[in-house]
Amino acid sequence: MSQYRTFTAQDAVEYAKQFGGLDNPSSLVEAQEIGDGNLNLVFKIFDAQGVSRIIVKQALPYVRCVGESWPLTLDRARLEAQTLVEHYQHSPQHTVKIHHYDPELAVMVMEDLSSHKIWRGELISGVYYPQASRQLGEYLAHTLFHTSDFYLHPHAKKAQVAKYINPEMCEITEDLFFNDPYQIHERNNYPAELEADVAALRSDDQLKIAVASLKHRFFSQAEALLHGDIHSGSIFVAEDSLKAIDAEFGYYGPIGFDIGTAIGNLLLNFCGLPGHLGIRDAAAAREQRLTDIQELWNTFSERFQALATEKTRDAALSVPGYASQFLKKVWTDAIGFCGTELIRRSVGLSHVADIDTIKDDAMRHECLRHAITLGKALIVIADRIDSAEALVARVRQYS
């Protein structure tokens, strides 16, 4: 049995030779550490011609951006690998392929996506992938439907819930989404110029009650196997292609959480675009984001309902009209969770480049305020926004 050790670049090369599944493993000669996230080491493995062939990812036993003072379970590597393997079974065209994983070393070997680019960077630059939102909707529909009560036998579903219990990573989400932004906490991160805006979050009882309701659903609604962190930085895109990666927050939770997180990141980009592009280009890109949001939800809901009509196994859940009713609740959840994503990415520990890389301080602060104001509104009035078109109208109202 393997014993955990932190990989060096050479360790990653040797591991890729053994478990990468390549026809000519001896061609692998060099590794480059490319991880820019908070939790892991990520190595690109190159052959003698300088071509990247495979990826080796290893979990660290602490939060990288904080240090060893914030320890983390290594079991998250198993949960991430198993989540991606499960999602790949249901949406292979939109999920990164895992070739091998070792739970003792907390390491996995996965396909190289050098032909793709991280969606967040492309969104910031104003590069438009018209298929991406629809493909993300397809990914979410297939992965969430096929791991839900609509499709799984009750015994299998309960076994899956137990298999994917992920308490330490869920606790991070619970703190960063639902606790920290609404109290004074050392993890919070925002400019002094926003102190009044953040203080208003802490004093808004109506908002905090709505956030408590969302947190309660996150605690208790084991509806499907979530990706758990499906933002534009955990999605790779290319022409006519989209792949989800980075699922260490995977667990059984409310379907609306994945939908809301995805929509929230599109709205964070919407808020930040005036700080990156000229007036006309920013306005055009903002319209694209609003179209993306509508296409994401409409694709997801149409595909989920089609799958429910075709494949639902439970007699009660297969009653005509129930899937549509269920999705109305998912949508309301999604709007609320979307709002928490907007707020926590503006005042909490982990921000997004869509806003944080804006060079002009005044513009950056204005974009942060926009995200906070929009997030508050969506959380509080989620049950009054009954469609993607209604959401777009609300976003325009707060722009």
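Cβ atoms are placed via backbone N, Cα and C, with glycine included.
Cβ environment of Asn40 (ATP binding site): Lys57, Gln58, Ala59, Leu60, Arg64, Glu248 lie under 8 Å away, each six or more residues apart in the same chain. Residues annotated as ATP binding site in Swiss-Prot: Asn40, Lys57, Glu111, Asp112, Leu113, Asp246, Ala247, Glu248.
Taking a C-beta cut-off of under 8 angstroms and a sequence separation of 6 or more, Arg344 (substrate binding site) has the following same-chain neighbours: Leu176, Phe177, Asp180, Pro181, Ser350. Under DSSP, Arg344 (substrate binding site) is assigned to a helix (H, G or I) in the three-state scheme. Swiss-Prot lists Asp229, Arg344 with the feature substrate binding site.
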I need the most crowded of these binding-site residues: Asp112, Asp229, Asp246, Glu248. Count other C-beta atoms within 10 angstroms of each C-beta and give me the top one. Glu248
Measuring Cα to Cα, how far is Ala247 (ATP binding site) from Asp229 (substrate binding site) in Å? 7
The rounded CA-CA distance in Å from Leu113 (ATP binding site) to Asp229 (substrate binding site) is 19
The sparsest Cβ environment within 10 Å, among the binding-site residues Leu113, Ala247, is found at Leu113
Name, in the order they occur in the sequence, the residues of the same chain whose CB lies under 8 A from the CB of Glu111 (ATP binding site) and which sit 6 or more residues away. Ile54, Ile55, Val96, Lys97, His99
Would you work out the biggest C-alpha to C-alpha distance among Asn40, Lys57, Glu111, Asp112, Leu113, Asp246, Ala247, Glu248, the residues that bind ATP according to the record, and give it in angstrom as a whole number? 18
Using the alpha carbons only, what distance in Å do you get between Asp229 (substrate binding site) and Asp112 (ATP binding site) once rounded? 20
